[in-house]
Amino acid sequence: MKWLGILGLVALSECLVMIPLTKIKTMRETLREKNLLTNFLEKNNDDRSQNVAHDPKLFLHPLRNYLDLAYVGSITIGTPPQQFKVIFDTGSADLWVPSTYCDSVPCHKHKVFNPHLSTTFRLSGRPVDLTFGSGRMVGFLGYDTVRIGKLVDVVQPFGLSKSQFGLEDAPFDGVLGLGYRSLAIRGTTPVFDNLKRRGLISQPVFAFYLSTRKENGSMVMFGGLDPSYHKGELQWIPVSQPHYWQITMNRITMNGVVFGCLHGCQAILDTGTSLLVGPSRMITTIQMRIGASPVGHEYAVSCRYVTRLPTIIFTINGNNYPVPPEAYIRKNLQGVCLSSFAGGTENMSRSETWILGDVFLRLYFSVYDRGNNRVGLAPAV
């Protein structure tokens with residue numbers, strides 16, 4: 001039975017589990033500092049529209065691009081607990097971490113899970129091949145106890161890497177996906193689905209508050225929400241396809257002119273990227289209109305004129321969600337002002353699709369309601 005009303009979402013303090021997230025330097029920023037970004041992008045073909053050859057013997061993951069992730073939180077796996085920094089990713093549905101079986105360079109630079117040290121580990125042995133735009137993880141499935149704050153999820157399937165590619169400079173150890181089960185490795189149950197099925201959370205909902213502050217203040221909430229993190233009322237939007245957290249968007253305007261999503265389109269709310277991603281042709285139009293020039297694989301604008309740039313308005317379910325230039329232009333450590341727009345969604349589906357990443361989600365507190373298959377948005381505090 002579906003539960004009703006916002007009062008049901010505001011969980012009691014003993015029911016609401018809040019996990020602090022830390023804002024970190026993205027892998028793109030780290031590679032840029034080391035003058036390795038261009039080489040990495042050429043080697044890994046940073047393109048969301050690329051296709052991957054599917055090996056029927058392996059369980060392949062839909063494409064993910066972890067180059068621009070900016071927020072991590074801590075979980076533990078095993079008994080006694082082994083701690084990992086993970087991305088809480090609404091754009092995927094699997095949990096995976098490096099393991100002691102991995103001899104690749106990326107594993108040597110991160111925490112690895114040792115199944116021999118856990119009394120609750122169970123081996124599945126099924127192979128896993130998770131392929132994404134910025135790398136790849138090949139390994140096998142196991143089962144163990146996963147702890148997210150005070151939530152204890154037993155016999156949770158997760159991936160253990162035997163080799164990893166393209167993740168040497170990743171600022172996280174692994175990924176915890178919060179997408180729908182249809183995104184998960186075939187035959188497995190995602191973490192959130194298990195929390196819901198086992199009655200470990202009071203309501204089948206989670207929420208994100210992504211702070212604009214440098215490090216602390218961001219939160220992911222399970223089982224309800226804390227309304228002190230947003231202003232005004234939540235505006236609810238139905239999920240159009242229960243796969244990604246995908247919704248219908250009405251239009252995108254700049255200076256009062258509709259230039260994207262002219263006849264309606266699809267948008268995916270994705271904590272797994274910090275960017276605003278759309279069809280390459282439309283992104284090129286945006287870059288031209290804001291006066292951005294190509295710099296390697298990115299686009300830069302004059303920092304002097306950022307405040308004069310137009311606000312871009314995303315209209316969703318009849319409500320306007322403005323994104324000002326101070327949000328979509330970011331200054332890197334070298335003092336260059338870069339555009340946060342990127343192309344490459346044109347081959348994700350036949351219809352026009354946009355990905356609203358952390359640039360958007362820092363402005364708008366977001367609630368993901370699996371009980372009613374809807375998303376709630378309100379201005380963040």
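Yeah, the Cβs are placed from backbone N, Cα and C, and that goes for glycine too.
Pulled from TrEMBL, these are the features on record:
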{"type": "SIGNAL", "residues": "1-15", "note": "signal peptide"}
{"type": "DOMAIN", "residues": "71-378", "note": "domain 'Peptidase A1'"}
{"type": "ACT_SITE", "residues": "D89", "note": "active site"}
{"type": "DISULFID", "residues": "C102-C107", "note": "disulfide bond"}
{"type": "DISULFID", "residues": "C261-C265", "note": "disulfide bond"}
{"type": "ACT_SITE", "residues": "D270", "note": "active site"}
{"type": "DISULFID", "residues": "C303-C337", "note": "disulfide bond"}
Distance check against D270 (active site) for the recorded positions D89, C102, C107, C261, keeping those with Cα within 10 Å: D89
Fewest neighbouring Cβ atoms within 10 Å among the disulfide-bonded residues C107, C265, C303 goes to C303
Only counting partners 6 or more residues apart, tell me which same-chain residues put their Cβ under 8 Å from the Cβ of C261 (disulfide bond). M249, N250, R251, I252, E352, W354
Just to confirm my parser: what is the rounded mean pLDDT across the domain 'Peptidase A1' (71-378)? 93
Please report the Cα separation of C102 (disulfide bond) and D89 (active site) in Å, rounded to an integer. 23
Tell me the Cα distance separating C265 (disulfide bond) from C107 (disulfide bond), rounded to the nearest angstrom. 40
Counting all other Cβ atoms within 10 Å across every protein chain shown, which of the disulfide-bonded residues C102, C337 scores highest? C102
Number of Cβ atoms other than its own within 10 Å, given for D270 (active site): 26
Students should find that the Cα atoms of C303 (disulfide bond) and D89 (active site) sit apart, in Å rounded to an integer, by 31
A correct count of other C-beta atoms within 10 Å of the C-beta of D89 (active site) gives 23
In Å, rounded, how far does the Cα of D89 (active site) sit from the Cα of C265 (disulfide bond)? 22
C337 (disulfide bond) to C265 (disulfide bond) - Cα separation in whole Å: 29
For C107 (disulfide bond), which of the three DSSP-derived states applies: helix, strand, or coil? helix
Should C303 (disulfide bond) be counted as helix, strand, or coil on the basis of DSSP? helix
